[in-house]
Amino acid sequence: MTAAVVTGVGAAIPPRVVTNDDLAGYLDTSDEWIRSRTGIASRRWVDPGMSTGDLAVAAGELALRSAGIDRVDAVVVATTTPDRLCPATAPEVATRLGMTGVSAHDVNAVCTGFLYGLASAVGLIAAGNAQTVLMIGAEAFSTILDPQDRSTAVIFADGAGAVVLRAGSPDEPGAVGPIVLGSDGSLSDLIQIPAGGSRQRSAGTLAPPEDHFFQMRGREVYRHAVERMAASAQEAMVKAGLSMADVDKFVPHQANNRISVAVGERLGLVPAQTVSNVDHMGNTAAASIGVLLAEASVDGELHAGERLLLTAFGGGLTWGATTLVWPALTAHMTVLPRPVSAVAV
Ligand code: COA
């Protein structure tokens, strides 16, 4: 059976660092509250003029360089914050990477986007539609946050992480294992932007301004996130014919530190196995696993031959997990320069 094998990894983050104290300057919050509840000390937000597509192009370029190729058969962009509601962001990203003509589409599974995007890429390869795929998780999540909502503004952040996959065999290092995915639409209200879509537009009434921003019922989300991430991680290992004892490194979606710790504990993993960058990246939604893979690889935290366990949870609700053996590769990561429009002000 054809497998999809990871051969390149790259990430790109915006230049602007937003600290907890920066947020406490205009919100009723504190560095102490944010650190103790989320484990986040700072995050990166785009300046005006920088978009999800800009981050995706930079991350995609680095992943292609990491894989040693300059073209793929298909581009998938997983995002909650497309450059425009229509069309998808992926075709423009593909063209900006010099690949006009290739298959290109977006996937929206909010914070599970990286794993749903990965499944889409794996599917393209398994079906013979593509021999090589560039899958990019990218978010300019700060652009949908209500600046006055302290419960979301402190958590979410911007960035892009990308992987290149090629057709290969299931026993090669880098081969993506069975991907477990799930959803529960009865809880779609827990994480949402109420306005801007067909339901609100067809009502023919103006939505209140706050309905155009991202909203989250954090406490309820927390409980579901821990349960679903742990259960899907266990299921992915069973489907791969493995046990938790086979896991070297745990690479969870960077929702927040308390969620990662709680899931790790449920899985019986020791804290040293858990890879994390949420303290300085925040929650970059669909980008977080890709950014974490690239950064941990660049920093020497991930080693070739280690078995990774990936799991994520997000709006929808959606969740998922998979496993792979980390391949020998050189990952790349960059901080984008400030956009000209931001430098001018
Ligand atoms: N600073 C200070 N106080 C804050 C705050 C902030 N940034 N955000 C919320 N609060 C307040 C609330 O208003 C509430 O005040 P009240 O008791 O007077 O009503 C109090 O803190 C407790 O709020 P609550 O939401 O119950 O806190 P919590 O302990 O559950 O922590 C989260 C809040 C968001 C950190 C937590 O629910 C969480 O981690 N949820 C998961 C969110 C997440 O990671 N989502 C992404 C999934 S992909």
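The backbone N, Cα and C atoms fix where each Cβ goes, and this holds for glycine too.
TrEMBL annotations: computationally assigned, not manually curated.
Residues or ranges marked as domain 'Beta-ketoacyl-[acyl-carrier-protein] synthase III N-terminal' in TrEMBL: 106-185.
Annotation for C111 (active site): same-chain Cβ neighbours under 8 Å, separated by at least 6 residues, are T80, H253, A255, N283, A285, A286, S288, A312, F313, G314, G315, T318. Feature annotation from TrEMBL assigns active site to C111 (among others).
Looking only at the domain 'Beta-ketoacyl-[acyl-carrier-protein] synthase III C-terminal' (239-326), the predicted model's pLDDT averages out at 98. Here TrEMBL flags 239-326 as domain 'Beta-ketoacyl-[acyl-carrier-protein] synthase III C-terminal'.
DSSP assigns H253 (active site) to coil in the three-state reduction, placing it in neither a helix nor a strand. Annotation comment: TrEMBL describes H253 (among others) as active site.
For the region 'ACP-binding' (254-258), the list of distant contacts is 37-40, 111, 155, 222, 225, 276-279, 281-284, 288-289, 291-292, 313: same-chain residues at least six beyond its ends, Cβ to Cβ under 8 Å. The region 'ACP-binding' annotation in TrEMBL covers 254-258.
DSSP assigns N283 (active site) to a strand. Among the features that TrEMBL reports, active site is placed at N283 (among others).
Packing around N283 (active site) is summarised by its Cβ count: 24 other Cβ atoms lie within 10 angstroms of its Cβ, all protein chains included.
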